[in-house]
Amino acid sequence: MTQILDRRSATEPAAREAGDVVRRARRAPIRHHRRLVAGLVLAVVAAFAARVLLGDYTVTIPDFFRILGGEQIPGATYIVMESKLPRAVLAVLVGIAFGIGGAIFQTTLRNPLASPDIVGVSLGASAAAVSAVALAGWTGWSVSLAAVGGALAVALAVRSIAGDHGGFRLILAGIGLAAAMQSVIQYVFTRVDEWDVQLVLRWLTGSVNGVAWSTIGVLAAVLAVLLPATAWAARSLRVTELGDDTARGLGVGTGRTDLLMLLGTLLVAVGVAAAGPVAFVAFLAGPIARALNRGRTTLLAAGLVGAVIVLVGDYAGAYAFADLNLPVGVVTGAFGAPFLLWLLARGPLNGHRGRRAA
Amino acid sequence: MTATATDPRTARLEASALTLGYTDTAVVRDLDLQVPHGKVTVIVGANACGKSTLLRGLARLLKPRSGSVLLDGEAIHRMPTKQVARTLGLLPQNPVAPEGVTVVDLVGRGRHPHHGAFGRWTSEDEQAVAEALALTDTLGLADRVVDELSGGQRQRVWIAMALAQGTDLLLLDEPTTYLDVAHQVEMLDLLAELNERRGTTIVMVLHDLNLSARYADHLVALHTGRIVAEGTPREVVTEDVVRTVFGLDNRVIDDPVSHTPLVVPVGRRHQLLQEDR
């Protein structure tokens with residue numbers, strides 16, 4: 001034993017040198033993440049500007065700020081203030097909510113398939129919201145509350161059906177419940193007298209079209225509370241993502257995970273209440289952000305990626321096809337399905353064990 | 001790191017009339033165990049004898065059905081879990097590193113119990129991580145991604161994480177699984193070294209009886225959830241105990257290298273050959 005000790009102490013670098021190695025090694029991933037976030041913020045700003053200024057009715061930047069300042073420009077003011085701007089603002093807000101909510105699910109359940117739009121949480125929120133709107137005539141805050149109730153009910157049901165096993169059992173239970181929620185939404189539409197395709201699509205696949213400023217205000221107010229709370233609770237994610245046993249060993253009980261899941265459910269629910277269950281945004285944002293961050297978990301980047309997806313999806317849905325105005329959910333759904341297949345083809349789905357594709 | 005081998009108490013971690021189990025069946029029954037302070041304790045036994053369950057119970061991962069686990073005289077399940085984590089470290093069986101996490105990041109997460117509600121990374125954390133990496137010879141891997149390392153390297157990194165936690169007690173559940181024999185010996189040498197240099201009390205579950213006899217100061221043999229024998233390897237590893245615990249006919253000889261008991265299994269085939277002769 002003394003031999004080993006001698007060998008170690010002879011080759012052991014000086015403590016200061018070791019500290020330098022640690023500091024350097026710690027800095028690289030943090031720096032990369034900072035650059036990534038800065039790049040994504042720029043992408044959100046660019047997509048936002050394109051959504052508001054370009055399209056079938058182009059607005060110049062000076063005109064845009066004049067309109068914001070309250071000036072009335074015939075035609076332009078109405079289009080910007082009642083159509084383009086609210087759509088873009090809502091797209092950013094729900095993109096962030098779905099992106100972060102989805103990444104929380106995927107990370108804490110250690111499975112990219114366990115996103116709220118696949119395990120039925122988003123559709124649960126939608127089913128409750130559409131029932132409240134179409135059958136009971138609710139508006140504003142009460143719709144959000146109904147959505148939260150629906151999302152929580154589905155989340156709890158999935159959890160109790162899946163038990164402690166997680167993994168595929170949870171996914172299967174979730175897919176079953178998602179189908180059930182979809183049929184609830186369809187049932188509601190058979191019970192209302194007046195409905196149109198846009199309304200059905202909105203609650204089935206999501207849309208940021210034609211949403212009142214007051215609804216956007218409610219969403220912004222709720223996010224102003226939820227996002228800082230999430231940022232605080234997510235600090236324990238660094239430890240809980242190591243697995244339950246290791247996390248307990250490091251002094252983090254399962255209560256922290258439950259709290260994060262609750263916040264993720266709330267984020268998704270309030271997003272659904274405002275824009276419907278915009279298909280696959282929660283599912284796509286996390287893995288894309290993770291891939292951009294060299295495989296590492298990042299909720300912040302997931303939120304920004306979500307915002308970019310919804311902005312670009314809405315823009316493409318509105319203008320890509322000459323005489324068609326597709327809701328954003330149709331576009332994101334069309335991109336989400338191949339991504340799902342790619343994820344399945346890529347290999348293991350029960351956890352983040354799979355090596356990143358080069 | 002604060003308490004050392006000079007601590008007058010002989011056991012800081014003990015089980016008293018401890019019964020542990022999952023759903024209906026009790027896996028560990030009415031067990032008393034005192035973990036000798038500053039020593040290496042190894043728990044051995046056949047598959048499904050309750051050795052991992054006992055370790056999980058000692059690490060507060062399983063709540064006792066009855067009886068209790070005491071850490072410094074206090075019931076561990078009633079202590080704040082973060083406070084326990086500053087005294088007792090744990091390396092579970094087959095821990096999984098999140099994708100893309102670097103060695104230094106993973107080891108740094110071992111500092112979590114020392115951070116407050118809005119804890120910032122301090123120079124003390126940095127020093128603890130550097131020391132843990134140096135001790136486990138993983139300083140050269142600091143900026144590598146954990147899931148791209150070899151099995152032996154990865155296991156050393158996990159031990160570094162447990163070391164960065166800076167606890168006086170370290171519990172390990174089969175730290176040598178999936179390692180070849182050379183890496184198994186390397187791992188156990190490392191743990192023995194830690195015990196000597198830092199006075200860290202080590203409790204581990206091991207599969208290999210002969211390696212256990214080599215590295216244990218205190219050996220605990222478990223059979224159907226009860227302690228069959230307990231003491232130094234020489235006291236515990238006898239032909240009778242091995243027959244009871246593993247149901248295996250065997251001879252015990254002297255290990256020519258470490259002079260600890262070495263179990264040589266007989267087995268049915270060789271028994272028949274012997275009788276023929």
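Using N, Cα and C of the backbone, Cβ positions are placed for all residues, glycine too.
Just so you know, TrEMBL annotations are computer predictions that nobody has curated.
For reference, TrEMBL has these:
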- A:36-58: transmembrane segment (TRANSMEM)
- A:88-106: transmembrane segment (TRANSMEM)
- A:118-138: transmembrane segment (TRANSMEM)
- A:168-189: transmembrane segment (TRANSMEM)
- A:210-234: transmembrane segment (TRANSMEM)
- A:259-285: transmembrane segment (TRANSMEM)
- A:297-318: transmembrane segment (TRANSMEM)
- A:324-345: transmembrane segment (TRANSMEM)
Look at every Cβ pair spanning the transmembrane segment (A:297-318) and the transmembrane segment (A:36-58), keep those 6 or more apart in sequence, and say whether at least 3 of them are under 8 Å. yes
Tertiary contacts of the transmembrane segment (A:36-58) (same chain, 6+ residues out, Cβ under 8 Å): 64, 75-76, 79-80, 84-85, 87-88, 91-92, 292-293, 298, 300-301, 304-305, 307-308, 311-312, 314-315, 318-319
Short question: most Cβ pairs under 8 Å with the transmembrane segment (A:118-138), which of A:88-106, A:210-234, A:259-285? A:259-285
